[in-house]
């Protein structure tokens, strides 16, 4: 500030005065030089003196101008710096004023609001009462809890047909069914094993019959005696019987048990009927009233003699009596018709009513069991099919030859866990078995195509939506002749050809015993 004041008050005004003085001096010097040149005799000397004065005058004027210009520029720089300082101060003052205005505005806005009561507490608060730790209790693992979840192996049920009609016909062709039949009950195991109540009957070798023995179909009408070595009740063996089977149907032999079967096919609905335990002594028949029974300790006692021929009136009675006895749960056999009485003092004895006989002997209705249905036409015409199936049980004219003793128990090899061994009087138990027609063990029906891709069984009910489709129930047998890329199959069922969704059926699986 002092420097600027000195410049403004001393140096700059001094420089200006020096310039004015130089101006006056230059005029006097010019007059002197002019007069000297005119008056001097030595013109050359006067000229040189004039040149010297001129040079000195120019130099002094230039110095004075330079000094004054420097002082002015220095004054301008000082003033510019002062202006910048003043500008900064003004900006600071303006910002301070703005801040003050903001504070005042916020204060005015805060007046219009209400106070909020905030409680100053910790974010995490420890519970007042600590929970007591729960003692660990080990629970046994339930391996069957997930058996009904997921897409596991679909086991085909052989002797059970669902009575609920799940109409899946409205589903799109590419979408699998969203419902499936209820899962079968588990019998104490994690998965369906070989001892499941729905599995196929175990293959059992048929009893051996002597060559000189001729089966008698009317022996079912004779008194019988239970073998003394029998220790297992018939009810202890899981057996399933079909009401649609005929007396000439195939027996569940090793061929029928080698298939994985489910449902009843298109033959009929199978009905599970438990085999009742035979009573120790049957009521005395009308034809042998007053006759004492045979002793129970005689395992090889001779059979009671029966007439060689049966009256013709017994055939319709036996055929007509089959249905009510079946419905009654096998209450008791029909009283036998005999012409000779058993020996005195012996109890009734049980014998097998099913014997493997000659394959060329035609079956007769009169010799059927009292609780069996009369043989159907298909069972009589499918005699040749029995060559590939189990032992054929036929009814022949009566014979007086006594039956052989029960065969010795033969071992049956099976996978683990093995089934319980059959009792020694197994063929006596076979006498109470109702024959059924196995749609999987028999040969293909007449309406089956000569060549087909595979044989499938329906696992859901389906109602057709179009004319070229098939409608079927669960358990129906279909022969697939073509598989389309869109998931639909073309097959034959009961002689009718049509389309059906491939996800509603499943191939009949085979397994080796």
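Cβ from N, Cα, C; glycine included.
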For the set 196, 216, 227, say which residue Swiss-Prot annotates with phosphoserine. 227
Run through 89, 368, 382, 394 and tell me the one Swiss-Prot describes as phosphoserine. 368
Record (Swiss-Prot) lists phosphoserine for one of 183, 416, namely 183
Secondary structure of residue 40 (phosphoserine) (DSSP, helix/strand/coil): coil
Does residue 40 (phosphoserine) have same-chain partners at least 6 apart in sequence with Cβ under 8 Å from its own Cβ, and which are they? 46
Could you put numbers on the helix, strand and coil content of the domain 'SH3' (451-510), residue by residue per DSSP? 3 helix, 31 strand, 26 coil
Residue counts in helix (H, G, I), strand (E, B) and coil for the domain 't-SNARE coiled-coil homology' (45-107), per DSSP? 63 helix, 0 strand, 0 coil
